[in-house]
Amino acid sequence: MCGILAVLGCSDDSQAKRVRVLELSRRLKHRGPDWSGLYQHGDFYLAHQRLAIIDPASGDQPLYNEDKKIVVTVNGEIYNHEELRKRLVNHKFRTGSDCDVIAHLYEEYGENFVDMLDGMFSFVLLDTRDNSFIVARDAIGITSLYIGWGLDGSIWISSELKGLNDDCEHFECFPPGHLYSSKLGGMKRWYNPHWFSESIPSTPYDPLVLRGAFENAVIKRLMTDVPFGVLLSGGLDSSLVASITARHLAGTKAAKQWGPQLHSFCVGLENSPDLKSAKEVAEYLGTVHHEFHFTVQDGIDAIEDVIYHVETYDVTTIRASTPMFLMSRKIKSLGVKMVISGEGSDEIFGGYLYFHKAPNKEEFHRETCHKIKALHQYDCLRANKSTSAWGLEARVPFLDKDFIDVAMAIDPQFKMINQDEGRIEKWVLRKAFDDEERPYLPKHILYRQKEQFSDGVGYSWIDGLKSHAATHVTDKMMQNARHIYPHNTPSTKEAYYYRMIFERFFPQNSATLTVPGGASVACSTAKAVEWDASWANNLDPSGRAALGVHLSAYELQQQQNQAAASNGNVVPMPSKVIGNIPRMMEVGAQELEIRG
């Protein structure tokens, strides 16, 4: 991932302004430590901090068309760039960068070319012939992007808040799947898939079609000129990514450059569920596996850095970002610059445990639509910024446009969880890769119960965070929380603790408004909390808050069971075996020193 910063029409072309733009661009240098570039055209400034993944030798930015009248600064990867180059037969390219096609597509098609791009991207394009410009962000918001407005009439664009928050009167998230056009004077949505309307699809489930679509999504992300690997938690999603990558790596350009053996990476507290499962999957696939351990104290010590880099006070995101942040640093130290990860599957297939309580297929489908639309504020933000903090790029094949089209067209009745029929969460995905002749994964991994990343790294991680926050936030502070933080008022001491840190780094009201809020249980939307009355009193984003579903649910569930038993009542608990397949391995979590 790179870092981009643009200041457009600021009515100031002085050397002092150029120095200020350079200063702000340096705040993004962690995203792109390989090279820096700044283009100035009057009072338009386009800055870039490069992480070189494709064509490291000549792909420095900004990028230009043939006569340098069109200038582009871009963060991302265009996976179909070779196909697009073939369509641009009358154009000459200056570099081998995958992003070099953008300026030429604009020349050929005007502003209506963005939907032709297959990849993850954020870019600013300046046409110096008339000083018009466009800004665009990828369909789902895999790359982070913000837009701001200055009192001088300028428009600011930055990959991260810290690039513009001190110089803009107002700023906000740039919406995914949108394009800003200076000619139009506003935004328009370029990404308009069939599922966006939330109408209920009716396509029958075909496991081979789903399998093929996902394999294609993974294969196209093997495009790289630098060493890479896969993030492997041992859960379904990351294990499928690793399995497909291992199958198709041989024969690729990457394999010829860096060898045919795949490297995999996992992080967790000692003896955590993820570490054990990941090691088993790595042995099954034959990867070179790297296991990183951290302690609760290591994580707590990193919280301030995490909030500074990830730019949120959302509890779930911070819990999950911290282990990923620590792991990314270790991965980069090994010389790896790109990893493939499993984000997005739970939103598409209803993989979070609260989906067990979806009352019907209509609400199930609408909830998945809402979750995908909000990914840029949660898992995409985490995956992008936790890795970019150390100059590491994360690619997410589950959020491939073509794959989403296939997966979201399936009749949601097939995605519904039905324990009587042996259908656990994400059954359609599991079934698609349940190949008896050439198994992708061991059965018990293929059917392992969903673990949210912040849980899977070790249950004592979240418990430790809560205990730490309780030592910094008093009961009296909580009583006044609604007055101190009227917007998204913290409801727990942990949330209050994160909010204090966030506002120290980003004190502007605009910054506060970039973070979503609302009631949630096990990562649900506020609407889904209504699916089970018992959840209203147990609002926590951890998967263990899904009482009656998660096998290691919070102590509250055990207390309820004991109370019910004393009254002669029976409270059903989720079966540990469905269709002769264990749903989850229950492993305790302890703390040891961090080591590779």
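Quick reminder: no glycine exception, Cβ is built from N, Cα and C everywhere.
Predicted automatically and left uncurated, TrEMBL annotations should be read as such.
Note that the structure is a prediction, hence the values are computed from the model and not measured.
CYS2 (active site, for GATase activity): 28 other CB atoms within 10 A of its CB, across all protein chains. Among the features that TrEMBL reports, active site, for GATase activity is placed at CYS2.
Of all Cβ atoms in the shown protein chains, 26 besides its own fall within 10 Å of the Cβ of ASP98 (L-glutamine binding site). Look at TrEMBL and you will find ASP98 tagged as L-glutamine binding site.
The 10 Å shell around the Cβ of LEU231 (ATP binding site) contains 26 further Cβ atoms across the protein chains shown. Under the heading ATP binding site, TrEMBL lists LEU231, VAL267, SER341, GLY342.
Here TrEMBL flags 2-185 as domain 'Glutamine amidotransferase type-2'. Across the residues of the domain 'Glutamine amidotransferase type-2' (2-185), the predicted structure has a mean pLDDT of 96.
Taking all protein chains in view, 26 other C-beta atoms sit within 10 angstroms of the C-beta of GLU343 (site 'Important for beta-aspartyl-AMP intermediate formation'). The feature site 'Important for beta-aspartyl-AMP intermediate formation' is assigned by TrEMBL to GLU343.
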Integer Å distance between the CA atoms belonging to CYS2 (active site, for GATase activity) and SER341 (ATP binding site) = 18
For LEU231 (ATP binding site), the spatially nearest of the recorded positions CYS2, ASP98, GLU343, using Cα atoms, is GLU343
In whole Å, the longest Cα-Cα distance within the recorded ATP binders LEU231, VAL267, SER341, GLY342 is 15
Taking the Cβ of GLY342 (ATP binding site) as the centre, how many other Cβ atoms fall within a 10 Å radius?
-> 24
Rounded to the nearest Å - Cα separation of VAL267 (ATP binding site) and ASP98 (L-glutamine binding site) | 31
So how many other Cβ atoms are close to VAL267 (ATP binding site), meaning within 10 Å of its Cβ?
-> 29
Do me a favour and check the Cα-Cα span between GLY342 (ATP binding site) and CYS2 (active site, for GATase activity); whole Å is fine.
-> 21
